[in-house]
């Protein structure tokens, strides 16, 4: 992994290297991943060089996740996404390739080719850089929605505008198995309307 003196993210933050920046303030910078797994794949980084998220202090962590929430909302609206993944690869064994703390925002659409749903036949080549014109267009689109300050709410498979806090609908999608009353003892304490059954670890491991 790269050290501070050769950190490509530090170079982007300082505008010494090309980067499609969608948002920046005094504490954080958000820019498009040059090798996105899907269109709109965005990275949020602290301005100060920290090798991973565990090295960020509480104020830096709060600033990063405030930005994550704001940028994720804009990405969802701009690209009509149906959901998103957040990720923080920490350490080489976990797939971290740049030693500068960063959070991945990965917008999702039904049938996309991201890792948790794709098969070898649909996986894009490793380290495939995105088209620069597409990155520029995507960057401008996300910026426009950031300036509007719209707050999307995911409802099923459609992102809509809402004045309410960002939330994800909890209804069980068609095709998923129904939850029996016998399993309610192992549900989250948030109440039956928003709960999901916690599967025994033996069953979970058997599926992985």
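Including glycine, each Cβ sits where the backbone N, Cα and C put it.
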Next on the checklist: For the annotation motif 'Histidine triad motif' in TrEMBL, which listed range does it cover: 85-89, 90-94, 95-99, 100-104?
Outcome noted: 100-104
Checklist entry - Who are the long-range neighbours of the motif 'Histidine triad motif' (100-104) in its own chain, taking Cβ under 8 Å and residues 6 or more past its ends? => result 2, 7-10, 33, 41-46, 49-53, 55-56, 64-65, 68, 85-89
Item to check | residue 102 (active site, tele-AMP-histidine intermediate): tally of other CB atoms within 10 A of its CB | outcome: 24
Checklist entry - Using DSSP, would you call residue 102 (active site, tele-AMP-histidine intermediate) helix, strand or coil? => result coil
